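Q: The following block contains the structure, expressed as C-alpha cells.
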Amino acid sequence: MWLSPALLLLSFPGCLSIQGPALVRGPEQGSVTVQCRYSSRWQTNKKWWCRGASWSTCRVLIRSTGSEKETKSGRLSIRDNQKNHSFQVTMEMLRQNDTDTYWCGIEKFGTDRGTRVKVNVYSVGKDTMSTSNQLPWPTVDGSTDMVSSDLQKRTYYMLLVFVKVPALLILVGAVLWLKRSTQKVPEEQWRHTLCSDLDSELLAKDISP
C-alpha cells in the first residue's frame, strides 16, 4: 500500500505533534530559553522537559500543571502559552555539565509525544564554578511513558522504503523506456526507406518495355 510522505510522518508518534529547535546554545553562568510548539489538540495537556540521550530513559526535570501558570524548580522554569500553542523552558545559571540532550514533551494517555533538543553550554571566562559544587537537576517524581528510542531512525527507513525506492524504480523505468523509444525510431525509418526503394524498383520495371 502506497503512503504519501505526509501520511507517513503522521503515522509515527511525535511527528508534527510537537516541534522544537534542534540545538540551542548558552553561555556559562547565563541562561537559555527553549520554545517548543505543539498541535492545538494538546492545548490543555501537561508539558514536560526531560534530560537524557534516550527518550525511553530520560529523566523528567520539570512539568507544567496543564494551565498557563509558570512552574519553577531550582534553576528551571516552564510556562505554557496555550493560545499560541507553545511552551517555553528556561534554564538559568548554566553550567558546563548542563550540556546534554533534552526533550520537549507532552503528557498524554498512552504514548507521550516529544522532540529532541541539544543544549550546548560554552565557557565565557575562567571565573566559573568548580564542578565539585555543581548539583544535578532536580528530578520530578513519577515516571514517563516508555516509547521507542529509535523513532527517528524508523522514520528515515520508512521514508526510504516507501518514497525513495519507488522513486528510483520509476526513474530507471523511464530511462529504459526512453532508450527503447530512441532505438525503435531508426529501425522504423530504415524499414520505410527499404520499402520505398523496392516500390520504386518495381514501378520502374513495370514502365520499362
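Here the Cβ of each residue, glycine as well, is placed from N, Cα and C on the backbone.
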Q: From the set SER64, SER132, SER148, SER196, which residue is assigned the annotation phosphoserine by Swiss-Prot?
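A: So the answer, going by Swiss-Prot, is SER196.
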Q: C-alpha of CYS36 (disulfide bond) to C-alpha of ASN97 (N-linked glycosylation site): distance in Å?
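A: Given the Cα positions, CYS36 (disulfide bond) is 23 Å from ASN97 (N-linked glycosylation site).
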Q: Most Cβ neighbours within 10 Å: which of the recorded positions CYS36, ASN97, CYS104 is it?
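A: The largest 10 Å Cβ neighbour count belongs to CYS104.
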Q: Just to verify a number: CA distance, CYS104 (disulfide bond) to ASN97 (N-linked glycosylation site), in angstrom, no decimals.
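A: One finds 19 Å between the Cα atoms of these residues.
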Q: What three-state class does DSSP give ASN97 (N-linked glycosylation site)?
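A: It is helical.
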